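First up is the structure itself, then whatever we jot down about it.
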Amino acid sequence: MSLRSRSLLRRSCLSVPGSSERFIAKARDIAADMTFLDLEDSVAPSEKVAARAKVAGAIAAGGWDDRVLCVRVNAWDTALTFRDILEVVTGAGERLDEIMLPKVQSAAEVVATDLLLKQVEREAGLELGHIGLEVQIETTTGLINVEEICMASPRIETVVFGPADFAASMEMPVLTGGVEVPEYPGDHFHYVFSKILMAARAAGIQVIDGPYLKIADLEGLRSYAKRSAMLGYDGKWAIHPTQVEVLNDVYRPTQELFDKACDLLDAYAVATSDDARGAVMFGDEMIDEASRKMAMKFQARGEKAGMLRTPRG
Ligand code: GLV
Ligand code: MG
């Protein structure tokens, strides 16, 4: 288990094509919480083999501050996964936190990756369990098996929804994945978001929303990202640097809610200790132990994002 990155923030997860040395160099200066260098769908088939060394070399060369650093390999239904993992993990060295596995269909694929990583870590001289895993759910079979997948290895740090591949797998009548479908009354992905979220929380891992493909539409991104943020997702992919700032803002509590959570925790602490009561009034609402749990999560999330309580005037 990659202990370093497991609980780090992942509000914005920047996707960078592993075939482009220029984009990789630029990515070091973009303030994403997490960055992944891609060997999968943003890389042309003819460039995939050469991209392995570029990605490994860029990670070994350093300059990535303390963000989560990941490489997305190709899926197990290609002929590339084994060599992607071998070359990247042995070439990148200690700074690589995670491997992202796309189009995961079953827990067996995760177990196979875990076993392969054990041997590769030994070969690379890394501590056993150093490399964490991000698993992408983006097929119908993957969604059906999501609970087992999320529990399949202690290496798993996050589960990631892939709306574009998922729309293709579902044969949805859309040509852009991960955006609103105004003709549908409601959110066409609500069930999917909720199912993945529950599987993630039951497994104690983070949960990430995938790309928003209309890169020039930052207001559309903000509005769409709020859906998964309001459900409790930890972050979302950025497929262009301009998306990062919006996501860092959307996936953290508002100042008002952060302050309220801190006030609630204070009030509840006094009620339970000084007054020996389990439920008390807080403003116009009744709060109890469940309220404390909700507020604790909020406070922790805000503090990780560097938020400070507003001083009382
Ligand atoms: C991401 O990989 C997606 O398919 O949406
Ligand atoms: Mg995909």
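Yeah, the Cβs are placed from backbone N, Cα and C, and that goes for glycine too.
Since this is a predicted model, take the numbers as computed values, not measurements.
Annotation comment: TrEMBL describes ARG72, GLU138 as substrate binding site. Look at TrEMBL and you will find GLU138, ASP165 tagged as Mg(2+) binding site. Summarising the annotation, TrEMBL assigns domain 'HpcH/HpaI aldolase/citrate lyase' to 11-241.
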(request) Using all protein chains in view, find how many other C-beta atoms are within 10 Å of the C-beta of ASP165 (Mg(2+) binding site). (result) 21
(message) Could you tell me the mean pLDDT the prediction assigns to the domain 'HpcH/HpaI aldolase/citrate lyase' (11-241)?
(response) 97
(message) According to DSSP, collapsed to three classes, what secondary structure does ARG72 (substrate binding site) have?
(response) strand
(message) So if I take the binding-site residues (ARG72, GLU138, ASP165) and measure from each Cβ to the nearest atom of ligand 2, which come out below 6 Å?
(response) GLU138, ASP165
(request) Could you list, ordered by sequence, which of these binding-site residues: ARG72, GLU138, ASP165, have a Cβ under 6 Å from ligand 1? (result) GLU138, ASP165
